[in-house]
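See structure below.
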Ligand code: O7E
């Protein structure tokens with residue numbers, strides 16, 4: 001289900017109506033979709049359900065970047081699971097007890113560090129330790145590491161054989177394929193697709209660019 005093929009995950013940071021429209025149009029063209037606060041704050045779990053219902057081939061990640069105590073994090077992931085998510089995103093800096101609790105409910109991608117410049121300040125310093133601490137947890141299927149800093153993707157890849165999903169392509173400046181060449185399995189792309197005149201063409205261009213980039217050795 002979470003196997004890389006086109007290697008593209010589309011971030012649907014748009015209204016629920018638009019998210020459903022784009023998901024319906026691109027289902028099967030891309031490996032997966034990601035919905036988060038834009039959709040959930042507009043319609044609650046029903047927003048997630050609406051997107052999940054239109055997907056027949058691609059998977060759905062729900063990204064609430066959960067970062068609470070284990071019990072609360074688990075109940076958030078339970079709601080997300082009931083709404084139809086195939087995997088959830090949990091912050092790594094909160095510690096392996098939180099990650100473990102969430103990963104008992106649903107496959108989890110752990111945020112190892114982030115794509116924005118400020119992540120160098122604190123998050124980058126914890127990146128290696130987060131991956132080492134989470135890698136033996138059943139249910140952790142992968143990590144989020146930034147396409148904007150491929151050296152961080154390489155760092156994560158050296159420690160783990162699990163999946164790596166990398167945001168930061170397009171609007172944040174990374175070129176398609178940069179993260180895959182550094183060892184990522186998926187690249188997460190939002191605005192470069194959702195704000196394109198023709199999202200289908202934009203997605204096809206990106207998948208073409210990624211297909212031509214050789215994945216790093218494992
Ligand atoms: O810049 P865009 O429009 O391509 O959108 C990027 C998406 O990736 C957006 O949904 C944002 O929340 C997410 N993201 C980052 O941009 N940086 C990160 O470090 C982590 C994420 C993310 O998705 O984390 C969980 C997968």
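Glycine residues also receive a Cβ, built from the backbone N, Cα and C atoms like all the rest.
Heads up, TrEMBL stuff is auto-annotated, nobody curated it.
A quick note: this is a predicted structure, and the numbers were derived from the prediction, not measured.
Marked as domain 'Orotidine 5'-phosphate decarboxylase' by TrEMBL: 7-206. The substrate binding site feature in TrEMBL is assigned to 13, 34, 115, 190, 191. The active site, for OMPdecase activity feature in TrEMBL is assigned to 63, 65, 68.
Structure with TrEMBL features highlighted.
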residue	record	Cβ neighbours (10 Å)
13	substrate binding site	18
34	substrate binding site	27
63	active site, for OMPdecase activity	26
65	active site, for OMPdecase activity	13
68	active site, for OMPdecase activity	16
115	substrate binding site	22
190	substrate binding site	22
191	substrate binding site	15
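DSSP gives residue 13 (substrate binding site) a coil state; it is part of no helix or strand. Taking a Cβ cut-off of under 6 Å from any atom of ligand 1, the recorded positions 63, 68, 190 reduce to 63, 190. Cα spacing between residue 13 (substrate binding site) and residue 68 (active site, for OMPdecase activity): 22 Å, rounded to the nearest whole number. The two recorded residues, residue 68 (active site, for OMPdecase activity) and residue 34 (substrate binding site), show a Cα separation of 20 Å. Cα of residue 34 (substrate binding site) to Cα of residue 63 (active site, for OMPdecase activity): a span of 7 Å. The two recorded residues, residue 63 (active site, for OMPdecase activity) and residue 191 (substrate binding site), have Cα atoms 16 Å apart. Sequence-ordered, the extra residues of this chain that approach the substrate site, with Cβ no more than 8 Å from the Cβ center of 13, 34, 115, 190, 191, are 11, 167, 171, 188, 189, 194.
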